[in-house]
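Taking it in order: structure first as structure tokens, then the write-up.
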Amino acid sequence: MNSESQPTIITLMGPTASGKTALAMALAEQHNCEIISVDSALIYRDMDIGSAKPTQEELSRAPHRLIDIRDPSESYSAADFRSDAIANIEAILAAGKTPLLVGGTMLYFKALLEGLSPLPSADEAIRAEIAKEVEAKGWQALHDELRQIDPVSADRIHPNDPQRLSRAIEVYRISGKSLTELTQVKAEALPYKVVQFGIAPKDRKVLHLAIAERFKLMLNQGFVEEVQRLKARADLHLDLPSMRCVGYRQVWQYLDGEYDYDTMVEKSIVATRQLAKRQLTWLRGWADLNWLESGDESNLARLLEHCR
């Protein structure tokens, strides 16, 4: 099918605290769009403040799909996201609207737009083996091993990203092939015309300031109390993907007495900066991206121009 005759979907991706949500809501209100969230933290219920989830007032103005769809005790994979996103895209198109996919979870965007290769299922024995090695040698040693077998993934996965680092090693030990080799397989192209936007400030200092200000606002809004409520649940712990979300882990460890309040604030802001850096690294290698500068008053007009 010619791309001009295909239905259009819009993606708006960017690092945390770059202004994606406000811009997406403005576009949704002017362009008959409906928003699909592309965020691995916003999927969880009862994780509102630390995930910067849109408020009820904002959601009433511009509803978001794929928010509050999982309990924090549950898992949710990139494959789950791809399936859910496609189902919601089809529902939005059937209603005569344009799907607007907004977020900063680049793995979800990649899964949707490029498809997923059949990776091996988790192997608990190998995971336990990796955990023992980490306990003995540390994460940097595991990252050094990854660099030997898969330098491309090693460049992309930070030593302080335990979930993705251990998974990359696990995949290799199960299959004998690197994550990069296995993900070369491309799925059939989506039957949509995809118009892609990235948003970020030109000056990284501006982003760092926004990250710090937003985290302090979260604390004023009751973020510590939110984590206390989650921590009180017997079924939640720090090994769950939900509790590994940036900010939640650091506040949890503060509540465990691992460090004082000021250290928690500093660690949370640094971890959020590291997340933003990884997001920007993904985006710099993204093809066919129309760049917008955070806070530019012409952004909405540029979006509307591309979307007509």
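Each residue's number is its place along the chain shown, starting with 1.
From the backbone N, Cα and C atoms, a Cβ is placed for every residue, glycine too.
Annotated in Swiss-Prot:
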- Gly14, Pro15, Thr16, Ala17, Ser18, Gly19, Lys20, Thr21: ATP binding site (BINDING)
- Thr16, Ala17, Ser18, Gly19, Lys20, Thr21: substrate binding site (BINDING)
- 39-42: region 'Interaction with substrate tRNA' (REGION)
- Thr105: site 'Interaction with substrate tRNA' (SITE)
- Arg127: site 'Interaction with substrate tRNA' (SITE)
- 163-167: region 'Interaction with substrate tRNA' (REGION)
- 244-249: region 'Interaction with substrate tRNA' (REGION)
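Taken together, the residues of the region 'Interaction with substrate tRNA' (163-167) have an average pLDDT of 91.
Residue counts for the region 'Interaction with substrate tRNA' (244-249) under DSSP (helix as H, G, I; strand as E, B; rest coil) come to 3 helix, 0 strand, 3 coil. All protein chains considered, the CB of Pro15 (ATP binding site) has 28 other CB atoms within 10 Å. Separation of the C-alpha atoms of Thr105 (site 'Interaction with substrate tRNA') and Ser18 (ATP binding site): 13 Å, rounded to the nearest whole number. Annotated pair Pro15 (ATP binding site) and Arg127 (site 'Interaction with substrate tRNA'), C-alpha to C-alpha distance, rounded: 30 Å. Counting only the Cα atoms, the space from Ser18 (ATP binding site) to Arg127 (site 'Interaction with substrate tRNA') is about 35 angstrom. Annotated substrate site Thr16, Ala17, Ser18, Gly19, Lys20, Thr21; additional same-chain residues within 8 Å of its Cβ mean position, judged by their own Cβ, are Gly14, Pro15, Ala22, Ala52, Gly104, Ile199, Ala210, Ser294. Scoring each of the recorded positions (Thr16, Ser18, Thr21, Thr105) by how many neighbouring Cβ atoms lie within 10 Å, the top position goes to Ser18. Neighbour counts of Cβ atoms within 10 Å were compared across the recorded positions Lys20, Arg127; the minimum falls on Arg127. Neighbour counts of Cβ atoms within 10 Å were taken for the binding-site residues Gly14, Gly19; the minimum is at Gly19.
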